[in-house]
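Written out below as structure tokens is the structure these notes cover.
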Amino acid sequence: MQESVPDCHASYSWEAEDISSYGPGWSLPVGDNTSLNHHSLWVYRSQSELRAFPIWGSMMLYRGGGFAIDLGPDLQKSRRILRYLYDNTWLDVYTQAIFVEFTVYNANVNLFCIVTLMLETTAIGAFQFRSELHSVRLYQSTGGLHIFVMASEIVYFLFIIYYMLVQGKLMRSQKWAYFKGKWNLLELAIIVLSWSALSVFIKRTLLGKRDISFYQNNKHQFASFHETAQADAVLGYLIAFLVLLATVKLWHLLRLNPKLHMITATLQRAWTDISGFLVVMTIMFLAYSIASNLMYGWKLYSYRTLLDAAQTIVSLQLGIFNYEEVLNYNPVLGAFLIGSCIVFMTFVVLNLFISVILVAFSQEQMHHKPSEEEEIVDLMLMKLCNLFGVKCQKQVVS
């Protein structure tokens with residue numbers, strides 16, 4: 001193979017990455033006493049110099065350093081720089097990935113958008129494109145609702161402090177038995193996530209002020225907001241999980257409502273049949289995902305991996321699907337795949353799944369027995385109505 005292939009390139013890794021400095025046109029490496037500017041595009045710049053962090057690409061994790069060039073805000077200057085890079089073969093066969101980073105700000109909606117465009121080379125020499133867009137609101141003190149939002153946040157954390165005291169007393173009285181209660185663990189998770197979200201919010205605010213200050217003092221340099229965007233993404237994940245747990249807690253508190261209690265009892269009654277249908281739906285979903293990945297993965301971008309194929313099948317169930325690309329590639333197999341997926345998964349299995357829940361709901365209506373908690377709620381409502389002088393009649397349904 002050495003006679004046929006003179007150059008052999010190893011796969012990318014942090015150990016194999018070239019961190020040497022070169023002259024124009026990738027000439028021989030220069031030593032430490034070089035006359036080149038330290039920020040030259042032919043000189044390797046470390047992660048700390050670029051104020052960057054390792055980036056997860058579609059194929060692997062890349063180091064935060066590399067050979068970088070600032071294009072600047074001037075369009076004509078940027079074109080000259082790109083022409084110079086093209087003429088001197090700045091991108092060659094040894095290039096593993098290309099990252100284009102820039103940040104824009106829209107004052108009308110008070111949003112920063114941190115954009116990262118990635119081009120990664122595959123084993124066959126093609127480039128795979130990926131983009132990341134993070135929208136961040138760094139100026140929090142704009143808008144008429146800012147005072148209301150701050151007051152709501154303060155009230156929320158006052159409640160969190162109160163619940164911390166309540167849970168602390170329960171933990172002291174119950175000791176290790178406290179961790180056996182699922183609702184106690186739910187309360188503890190909400191408290192931990194709330195304080196974690198507050199700490200990440202403070203961290204994101206400090207990072208945003210740091211990046212904005214760096215941009216204002218160094219407008220000739222590229223100001224990376226990547227760390228701020230990552231902190232904002234973590235904050236979004238924490239808030240999402242917090243809202244999920246709060247919704248579960250709200251459902252638990254609303255169990256005293258007769259209608260919601262009947263829905264919960266219906267799901268418990270039908271859980272055996274529901275679990276069986278979930279297994280069947282999961283098997284069919286995996287079957288269609290694997291089949292579409294094997295048939296179209298090497299040709300169509302939406303099916304390039306098993307995960308992407310699974311996301312496309314989910315989009316098909318929601319009605320968000322590109323029928324033309326499948327039918328244009330193979331009309332017969334494409335029509336059979338789409339048609340069978342819609343018929344079996346949407347019309348047959350999903351409708352049977354809903355019918356099982358409706359049957360369980362009708363059975364629960366016939367055999368439903370009010371709990372003691374519902375009677376307590378009715379008594380409390382009656383007492384409140386009497387307190388305010390409102391007539392309240394309890395309806396008895398036989």
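Just so it is clear, glycine is given a Cβ too, placed from its N, Cα and C backbone atoms.
Here TrEMBL flags 3-139 as domain 'Polycystin'. The domain 'Polycystin cation channel PKD1/PKD2' annotation in TrEMBL covers 146-362. What TrEMBL lists as transmembrane segment is 109-127, 147-165, 185-202, 234-254, 274-298, 332-361.
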Winner by Cβ pairs under 8 Å against the transmembrane segment (185-202), considering only 109-127, 147-165, 234-254:
234-254
By Cβ distance under 8 Å, which residues at least 6 away from the ends of the transmembrane segment (147-165) in the same chain are close to it?
187, 190-191, 194-195, 198
Over the domain 'Polycystin cation channel PKD1/PKD2' (146-362), what is the model's mean pLDDT?
85
